[in-house]
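Okay, structure first, notes after.
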Amino acid sequence: MNNKTVGVIGAGTIGSGVAQDLAQNGIKTIVVDVSQAALDTARNKIRQNIRLYKLYNKTKPIGNADEIMELLTFTTDYKELEEASFVIENITENWEAKKEVYKRIDEICPENTMFAVNSSCISITRVGSVTKRPSQILGMHFMNPVPIKPVVEVIRGFHTSAETIKAAEELLKHMQKEAIIINDMPGFVSNRLMTFMINEAAFLVQEQVAAVEDIDRLIKTSYGHKMGPLETADLIGVDTILYSMEVLYESFNDSKFRPCPLLKKMVDAGQLGRKSGKGFYTYSKELIY
Amino acid sequence: MEDNKQKIQAFIYEILNNMVVSDDQDIFELGVVNSLFAMQIVLFVEKEFGICFQDNDLDLENFNSINNINNFIGKKKNIIAC
């Protein structure tokens with residue numbers, strides 16, 4: 001794996017985390033983003049996060065920060081991906097935007113390069129359909145913060161080959177992560193269950209069955225979850241949860257996925273969670289995580 | 001030392017959404033914030049008190065309560081300045 005080069009498209013929070021994780025594990029990584037400012041921010045954030053990584057992993061030494069940074073290339077030029085044997089794409093969850101990226105890298109990358117869609121909701125099979133290599137496309141749903149999460153939800157599209165799944169498993173193993181392989185269906189497993197639970201928690205608030213704090217406390221203390229569903233909604237963003245629910249509702253055409261009207265009302269009112277200072281809870285300070 | 005402690009208390013209360021906790025309370029055990037907030041605390045302490053923590057300092061136990069943070073700053077303050 002050490003002689004392999006991995007491309008990472010998108011230098012946002014998740015893309016930066018993936019790039020950091022790859023480099024920490026000795027893999028040469030090319031980070032591509034259309035915005036130079038985003039790349040500069042990512043470079044600084046990765047350097048800082050490599051240092052702070054030691055807070056969470058005393059037992060897993062990761063080496064010198066300068067050497068890790070040397071494995072990372074930051075560029076706005078997609079053409080640099082022609083060296084990559086594996087590309088992990090992490091841009092925004094927008095079909096039109098993703099479609100353009102895949103058409104572009106399908107032209108640039110060698111024909112044996114495999115593409116991983118890092119998404120929590122976009123159909124892997126549909127991404128495959130806009131390229132000439134549907135058997136070499138799969139989903140990799142990384143969780144935030146990527147370097148300290150030990151598991152990745154790996155999604156097998158309709159045409160994804162066994163070789164592609166095997167290559168993904170090997171890459172993840174090299175990153176010291178376990179791949180849990182599932183089949184392509186809207187929302188996959190983690191997002192479908194998590195969004196559904198948050199939506200139902202919002203209904204409980206709307207119907208005044210219980211107070212926000214009590215719902216979260218019940219789930220945390222009863223089921224051992226680290227965060228309650230409504231805290232999670234605030235962390236992810238109420239607008240993102242609403243969008244995920246709308247995607248599920250449209251995809252399945254099943255009323256069980258109807259978005260809770262309270263979520264819509266909160267989004268209209270600008271109550272988006274931590275990022276806006278108010279969601280189900282009120283926040284007095286902007287936090288990194 | 002007491003001045004430092006007040007600054008730390010103000011920051012921690014703010015992180016905990018104005019929840020007031022005892023100085024010895026392990027804030028990560030409260031279930032209000034998870035251990036990822038430790039990064040936030042480390043960055044705050046470095047900036048506020050002009051300390052650059054070294055690799056060996058980055059242990060969650062040094063940052064998990066108001067008293068632990070304060071004691072650790074006391075130990076480090078005169079050794080490594082940024």
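Placement of Cβ uses the backbone N, Cα and C atoms for every residue, glycine included.
What TrEMBL says about this protein:
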- A:5-184: domain '3-hydroxyacyl-CoA dehydrogenase NAD binding' (DOMAIN)
- A:G10, A:A11, A:G12, A:T13, A:I14, A:G15, A:D33, A:E93, A:K98, A:S120, A:N144, A:K275: NAD(+) binding site (BINDING)
- A:H141: site 'Important for catalytic activity' (SITE)
- A:187-283: domain '3-hydroxyacyl-CoA dehydrogenase C-terminal' (DOMAIN)
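Positions of TrEMBL features highlighted on the structure.
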residue	record	DSSP class
A:G10	NAD(+) binding site	coil
A:D33	NAD(+) binding site	coil
A:K98	NAD(+) binding site	helix
A:H141	site 'Important for catalytic activity'	strand
With DSSP as the reference, give the number of residues of the domain '3-hydroxyacyl-CoA dehydrogenase C-terminal' (A:187-283) in helix, strand and coil.
66 helix, 3 strand, 28 coil
Between the binding-site residues A:G10, A:G12, where is the Cβ count within 10 Å the lowest?
A:G12
Compare all C-alpha positions of A:G10, A:A11, A:G12, A:T13, A:I14, A:G15, A:D33, A:E93, A:K98, A:S120, A:N144, A:K275, the record's NAD(+) binders, and send over the largest distance in angstrom.
25
What is the one among the recorded positions A:K98, A:H141 whose Cβ has the most other Cβ atoms less than or equal to 10 Å away?
A:H141
May I ask which residues of the same chain, at least 6 positions away in sequence, place their Cβ under 8 angstroms from the Cβ of A:I14 (NAD(+) binding site)?
A:N90, A:N118, A:F142, A:N144, A:V146
Using a 10 Å cut-off, grab the number of neighbouring Cβ atoms around the Cβ of A:D33 (NAD(+) binding site), all chains included.
23
Rounded to the nearest Å - Cα separation of A:G12 (NAD(+) binding site) and A:H141 (site 'Important for catalytic activity'):
15
Averaged over the domain '3-hydroxyacyl-CoA dehydrogenase NAD binding' (A:5-184), what pLDDT does the predicted model reach?
94
